[in-house]
């Protein structure tokens with residue numbers, strides 16, 4: 001059966017534009033554009049192109065019919081994902097919807113989602129390209145990296161043509177094709193609030209459905225979205241590939257996309273700009289109750305980034321190279337001297353009876369090698385060996401045997417999500433000058449944009465030439481920011497990825513996969529990335545994509561527990577974890593802007609403690625364990641320490657004047673002042689601990705304690721909360737208020753309060769915002785990777801009163817006093 005297609009023929013001219021539209025004529029771009037402008041057919045924007053066409057009878061290679069039983073299909077380039085697409089091919093797809101007329105109004109359009117799309121880029125896609133046309137005469141042509149792009153047809157039919165020439169080829173594409181539900185989708189614009197939900201909520205949602213909601217706010221404002229308690233999106237696997245809610249914080253599914261599924265309700269979400277996009281997609285089975293969300297347009301908040309903490313060595317003598325710094329695998333140099341980086345290993349298999357170094361890795365313990373999942377997902381462990389201390393593949397050490405592979409449980413091969421794995425050796429490696437382990441990061445905040453890192457491997461000289469280096473190569477690359485990475489590759493880039501490079505002819509290449517990207521900090525080398533994928537090799541403007549090691553510290557630590565210690569018996573340390581498993585998790589992750597503050601959500605901060613004497617609020621505190629509340633000593637008269645029974649502590653309180661089901665009163669068993677309180681200055685070591693007579697229940701979660709080496713750079717935005725006065729002479733607040741304050745440097749604080757400020761203190765300020773009387777002891781909190789950590793408690797301020805211009809609030813810092821807290825409470829500290 002032949003179909004009528006609407007693609008341009010090779011002798012036609014088309015509108016010349018900047019959005020990857022193929023020029024099919026022999027005319028130059030300028031001549032073509034001029035001709036089309038004269039005909040009135042050219043366009044100014046780069047959204048759509050209408051092309052004068054001839055109907056060409058073509059027999060499609062693939063005919064795809066979407067119906068109620070098969071509402072979605074995948075199409076992919078030949079060889080995907082294991083091989084690059086071939087040269088000089090043409091593939092045509094014919095796609096249409098075939099459903100009864102009575103429901104066609106609901107699903108009469110086709111949605112394409114580019115889950116992976118990396119095609120050779122050229123001006124106007126004149127080399128390789130994917131043409132998409134519908135019966136309205138609209139044609140778009142795509143090439144380059146377009147991962148995450150979504151395209152919605154104007155009608156119920158689409159034709160797609162994939163054409164390549166004899167030049168280089170790339171990874172190719174995997175595209176989800178599905179029916180689009182126009183009934184449940186909606187655009188919210190010019191409204192301040194609204195709601196949206198899965199179809200039939202709170203009843204069970206429908207199978208094989210797709211709903212899209214877009215929210216647009218005025219320029220300069222952002223969108224806050226909250227979800228109701230019921231959140232039931234069924235998924236019988238961990239990747240949220242079947243039923244899920246996808247959220248783009250930028251209003252574009254090419255960037256900042258996160259998927260939610262299972263029964264875990266998202267915390268409040270705030271957009272990155274003035275628009276957000278939501279897509280709810282279901283498959284054939286396991287319908288749940290779905291979700292309901294409400295949104296509000298709010299003022300935008302400033303975002304302050306935190307420089308990475310100074311890392312510390314993790315494994316015995318890890319990350320030590322064999323020479324001092326010298327001049328710094330395509331476009332790189334041979335590692336000199338050999339074994340300079342003794343943690344770099346090669347994964348080896350027999351090819352034509354010769355050892356083939358087919359992927360790289362890094363030795364992270366005596367028993368485990370860190371590599372990429374895509375290197376070993378199709379391999380048998382019994383056929384793979386590891387070359388430790390290798391340099392020259394023709395004259396390398398005898399590779400050692402492998403026990404088994406451990407792929408990340410959420411590895412998704414279509415998009416290389418969680419592309420990380422461990423190779424377990426049969427016998428522990430013997431460490432030497434040529435065989436050493438590399439350090440693992442100690443914190444998710446490890447690398448920063450513009451840092452440089454080294455990648456090393458035996459990969460190909462140039463993409464597709466198939467010739468690998470015999471000797472280990474190294475190359476120094478710049479680390480790019482996450483937004484820059486997303487701008488190159490779109491929505492496939494997640495927080496678990498890291499981008500480096502983008503320089504012409506300088507990149508990791510085929511054969512380097514799984515190898516380490518490592519950076520030097522404090523004289524030692526740390527593994528920061530695992531070579532995963534990229535756009536060809538060394539293509540200018542397109543960086544290499546790496547799996548970010550710091551995002552997988554928990555998983556690595558759990559998997560390598562059986563690794564023996566090093567010869568000096570310094571055991572592998574687990575990554576940094578909170579001091580308590582359930583600490584610091586808010587009931588709503590909602591950012592707010594106390595004097596100048598805003599009301600919190602009820603029990604938003606379940607560790608907030610109201611301290612009461614004789615029915616009067618004397619201060620605020622923070623629950624740090626089921627039995628202990630941390631506050632400041634300055635709120636107590638001396639005799640109160642001897643009569644703790646006169647004090648009451650309320651947890652779960654929001655509104656002072658109301659009886660609340662969430663609130664409970666606790667008796668105080670003891671008050672412990674810091675032993676050095678008031679020495680040498682009046683407010684130095686202004687800390688106290690209240691011990692409760694009964695432990696707080698699980699509904700009152702404690703806040704996490706910080707690390708002893710915690711650092712709060714100037715400008716960092718921290719949150720505080722309390723029931724104190726709204727203004728200097730005003731009444732106390734009837735509801736719990738919160739506010740954001742910015743950290744000042746120690747030098748600025750000392751200059752503002754000479755002779756009073758000490759290293760046991762920290763200060764923070766934001767004009768018009770402060771804590772006031774009644775807020776003494778209020779926690780200063782840092783939100784970090786889903787949890788709040790206690791930075792300090794409110795102690796004192798300027799004699800001129802609260803919220804005085806240029807006068808920061810002073811807090812008693814928590815991290816210098818962890819040993820006192822631990823010795824008093826028995827809590828573990830970091």
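Heads up, the Cβ atoms here are built off N, Cα and C, so glycines get one too.
Heads up, TrEMBL stuff is auto-annotated, nobody curated it.
In the structure as shown, the Cβ atom of residue 184 (disulfide bond) sits within 10 Å of 19 other Cβ atoms. Per TrEMBL, the feature disulfide bond maps to 184-211.
Confidence annotation: the domain 'CUB' (64-180) carries a mean pLDDT of 83 in the model. For 64-180 (among others), the entry in TrEMBL reads domain 'CUB'.
The feature domain 'CUB' is assigned by TrEMBL to 184-298 (among others).
Residues annotated as domain 'Peptidase S1' in TrEMBL: 329-561 (among others).
Feature annotation from TrEMBL assigns domain 'Peptidase S1' to 594-826 (among others).
DSSP classifies residue 211 (disulfide bond) as strand under the three-state reduction.
According to DSSP, the domain 'CUB' (184-298) comprises 0 helix, 52 strand, 63 coil.
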